[in-house]
Every structure is written in C-alpha cells, then in structure tokens.
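Novice: Dropping a structure here in structure tokens format, bear with me for questions.
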Amino acid sequence: MPTPPSAHVLARRLTDALVDGRVALAATDPRQRYDLFHLEHAAVRHAVPKRVNEFSAGRAAARCALSELGVPETEIPMDSDRSPIWPLGTRGSITHSSDICLAAVAWDSDIRLLGLDVEPDLPLGSDLVPMVCTDAERAWLDTHAMPNRYAKLIFSAKESVYKAQYPYSRTLFGFETLDVELDLARDRFSAIFREEIPGFPLGTKIAGRFLIGHGLIVTAVVEPI
C-alpha cells in the first residue's frame, strides 16, 4: 500500500477536496502518543497502548483543527456514549486508520452536519458485503469492475453519514438503514434513509464527497446551515 504523505500535506489536500472554508481539518499519526488532559486520560486509563495512541492522536488532531477556528487549546472529554464532547458552539468528527488520524471541526452556526471517515484502500471482504450493502447497492456493484473496492467506499460513506447524524438523533442503526448512491465521475455520493430516524424522516437524502488516494479512502459529509 502506498505510504501516505505527511499529516500536514494530507490534511491540506483533503481540505481542498472534501470540505469548504468553514471547516477546519487536521491530521496526526495514530502510531504516536500525544498529550491528554485529565478527563481525556481518565477515559482511556484501562485501554491498551494502541488504543491510547489512537485516542490521543484524535484529540490532538481535533485541538489542531479547533485552533484554526480560533478556539483556545481545551479538553475534549468523552461522553457516556463514547462520543466527543466538543467545545460550546462547535461540532466535529474524528476518524483514524492504522497510520493516519483526521479531525474536522466547524462552528455549529455554519455547519449543520459534519461527518468524516477514513479507511485503507483495500477491498471489503466478500463475507462482509451482504452485511454492509443493501440489495440495491449490491445490484449496482455487480455492474462494475472492482465491486469489493466500491463496497468499501459504500461502507465508508455510511460511516460518515452515521457520524454526521448522530449528534441529532443519538440513535444507533445498522448499515441497512441507508442506501448509498456513488457518483464516481464527480467523487460524490448521496445516502438515503430507508427508515425514519429521529430528525431524519424516511427518504431523507444526505450528500457527501469522497477521495481515493495515498492508499486511503476518505469520505466526508459537510452540510451547511
């Protein structure tokens, strides 16, 4: 797999490709350990070293992104549902793969929905495709070369949409809740809710973008107010 560029370079490329000027994005290395505030450290005090590194990298990336909004360095505790508690007036999303961690943040007065996901650019296992993809998605995959690679892209798109909607619905749901349509020519996708979720009626459509490169699949949902 290709080695990703430096965190700073990748963050800039992703910002240009996936988000607009109202969203700040930063990257860190989840193989390293970064400083944590007290409550953050307490949240992972029993975790294995790999998890502590990933968690600290996520918080470090989030603080770096928040600084671009002018937010002073601050603690980002973990809520009871394990989601980040963002500073008042902001929203964000954190994601990581084995060698890159990304965080995107924005003022909630500017951006309504924000979700981000990164995955290694590897095909989704054939045994997982029926779990992740709906009948309509599998029918589409059957008409394309590299169906398992695009199945991984559908997986990532659903992860981004889930992260974007969760602050509103506080609802867990499975992959079957969404139908994703990929626009490969424009590096965009749309996700349609196949069932009603609090705040998202049946048929609600959420748009997103994706970028494939540097051995990674990255998807993002950014919906302005």
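Here the Cβ of each residue, glycine as well, is placed from N, Cα and C on the backbone.
Since we're looking at a predicted model, the values are computed, not measured.
Not my notes, these are from TrEMBL:
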type: BINDING; residues: Arg51, Arg59, Thr95, His96, Asp117, Glu159, Lys163; note: CoA binding site
type: BINDING; residues: Asp117, Glu119; note: Mg(2+) binding site
type: DOMAIN; residues: 40-106; note: domain '4'-phosphopantetheinyl transferase N-terminal'
type: DOMAIN; residues: 114-187; note: domain '4'-phosphopantetheinyl transferase'
Novice: If we count other C-beta atoms within 10 Å, could you say which of the binding-site residues Arg51, Arg59, His96, Lys163 has the fewest?
Specialist: Arg51
Novice: Between all pairs in Arg51, Arg59, Thr95, His96, Asp117, Glu159, Lys163 (listed as CoA binders), what's the biggest Cα distance, rounded to the nearest Å?
Specialist: 20
Novice: Hey, how far is Lys163 (CoA binding site) from Glu119 (Mg(2+) binding site), Cα to Cα, in Å?
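Specialist: Distance between the two Cα atoms comes out at 14 Å.
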Novice: For the binding-site residues listed here (Asp117, Glu119, Glu159), which one has the lowest count of neighbouring CB atoms within 10 Å of its own CB?
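Specialist: Each of the binding-site residues Asp117, Glu119, Glu159 was scored by Cβ atoms within 10 Å; lowest is Glu119.
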Novice: Using Cα-Cα distances with a 10 Å cut-off, which of the binding-site residues Arg51, Arg59, Thr95 are near Glu119 (Mg(2+) binding site)?
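Specialist: Final answer, ordered: Thr95.
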Novice: Given the model, what does the mean pLDDT over the domain '4'-phosphopantetheinyl transferase N-terminal' (40-106) come out as?
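Specialist: When the pLDDT values over the domain '4'-phosphopantetheinyl transferase N-terminal' (40-106) are averaged, the result is 97.
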Novice: On the DSSP side of things, how many residues of the domain '4'-phosphopantetheinyl transferase N-terminal' (40-106) fall into helix, strand and coil, could you say?
Specialist: 24 helix, 15 strand, 28 coil
Novice: May I ask you to report the DSSP-based helix, strand or coil state of Asp117 (CoA binding site)?
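Specialist: Where Asp117 (CoA binding site) sits, the three-state DSSP reduction gives strand.
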Novice: If you draw a 10 Å sphere around the Cβ of Thr95 (CoA binding site), how many other Cβ atoms fall inside it, taking every protein chain shown into account?
Specialist: 23
